[in-house]
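Note sheet for the following structure.
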Amino acid sequence: MNIKDFDKYKKAEKSISVVTCYDYWTATIIEQSDIDAILVGDSLAMVVHGFNSTLPADIELMALHTAAVRKGAPTKFIIADMPFLSHRKSINSVLESAGRLMKAGANAIKIEGVTGHEMTIKYLVESGIPVMGHLGLTPQSFNSFGGFKLQSKTEEAVLKLIEDGKKLEELGCFSIVLECIPDSAGRRVSQALNIPTIGIGAGGNTDGQVLVLQDMLGFNTGYTPKFVRKFIDGANLVKSALNEYDSCVKSGEFPGEGESYGG
Ligand SMILES: Nc1nc(=O)c2c([nH]1)NC[C@@H]1CN(c3ccc(C(=O)N[C@@H](CCC(=O)O)C(=O)O)cc3)CN21
Ligand SMILES: CC(C)C(=O)C(=O)O
Ligand SMILES: [Mg+2]
């Protein structure tokens with residue numbers, strides 16, 4: 001899909017499927033799938049690098065992983081996360097950072113929140129950089145939220161969420177991620193906006209869904225949020241293959257004739 005398809009899908013009431021991806025070999029598999037778009041999320045700090053929040057991700061890391069994903073998925077629409085604080089600096093610095101992600105192969109960048117960086121979003125959009133918004137649970141603010149908590153639980157908070165969504169639409173965002181909010185809040189924001197919403201833990205009435213790839217493939221053996229569905233039991237499949245390899249090595253069954261050069 002390309003950026004124009006986001007609007008088309010919403011008008012046609014066709015759901016948009018997004019997964020995260022951080023590396024080359026995984027990207028080659030997604031490239032061959034029906035998935036609509038890829039998010040190089042700053043969740044890679046947690047999922048790939050083992051940190052307990054997304055804050056350690058910086059622009060260097062995001063650009064490196066974005067380049068790897070682009071090489072593996074040459075035709076997919078790729079969105080790259082602007083890491084913690086990178087969009088809260090001088091406009092020159094923000095342009096430099098966003099430019100690095102675009103040059104690494106992103107088609108768009110994603111920025112958490114809106115208050116205080118309205119003009120930054122507008123300037124990026126005017127500079128030819130498509131911007132995706134991100135509201136609800138914005139993990140870069142987990143210290144302010146007191147953890148990865150469900151957001152928009154009161155009517156007042158839902159009204160603020162709708163207002164922020166409209167603001168992002170006016171500033172020129174082409175789509176917005178809604179994370180970890182009640183179903184009704186996800187539905188109401190999606191109905192109030194013309195641009196498509198992509199939900200993660202935002203119920204079934206957003207215009208699309210995004211999941212962390214390792215969560216939906218069952219490779220996350222730690223804590224997984226309630227909104228995750230494991231479409232395969234990846235960790236156990238890989239564990240079985242590893243144990244089979246181990247046993248074949250130890251029994252001498254591997255390598256066989258066809259896996260050796262003879263002579
Ligand atoms: N592997 C992974 N998957 C993700 O979806 C993800 C990350 N990492 N890292 C960045 C953020 C953090 N995310 C999270 C993490 C935890 C919850 C969580 O524990 N949610 C509670 C809600 C508790 C409440 O306030 O009621 C839950 O029970 O699901 C939600 C989103 C989503 N993102
Ligand atoms: C969870 C998604 C929306 C994200 O921002 C990430 O993976 O970093
Ligand atoms: Mg993120």
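Note: Cβ is positioned from N, Cα and C throughout, glycine not excepted.
Keep in mind the model is a prediction, meaning the values are calculated, not measured.
According to DSSP, E112 (Mg(2+) binding site) is assigned to a strand segment. All protein chains considered, the CB of E112 (Mg(2+) binding site) has 23 other CB atoms within 10 Å. The Mg(2+) binding site annotation in TrEMBL covers D42, D81, E112.
Within 10 Å of the C-beta of K110 (3-methyl-2-oxobutanoate binding site) we count 25 further C-beta atoms, all protein chains included. What TrEMBL records for D42, S43, D81, K110 is 3-methyl-2-oxobutanoate binding site.
The active site, proton acceptor feature in TrEMBL is assigned to E179. Cβ-based neighbour count (10 Å, all protein chains) for E179 (active site, proton acceptor) stands at 23. In this structure, E179 (active site, proton acceptor) is part of a beta strand by DSSP.
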Nearest-integer angstrom distance between the alpha carbons (Cα) of E112 (Mg(2+) binding site) and E179 (active site, proton acceptor): 11
Rounded Cα separation (Å) that holds between K110 (3-methyl-2-oxobutanoate binding site) and D81 (Mg(2+) binding site): 5
Additional residues surrounding Mg(2+), by Cβ distance to the D42, D81, E112 centre under 8 Å: G41, S43, T54, A57, M82, P83, F84, K110, I111, H134, P139, Q140
In sequence order, those binding-site residues of D42, S43, D81, E112 whose CB lies under 6 Å from ligand 1: S43
Three-class DSSP secondary structure - D81 (Mg(2+) binding site): strand
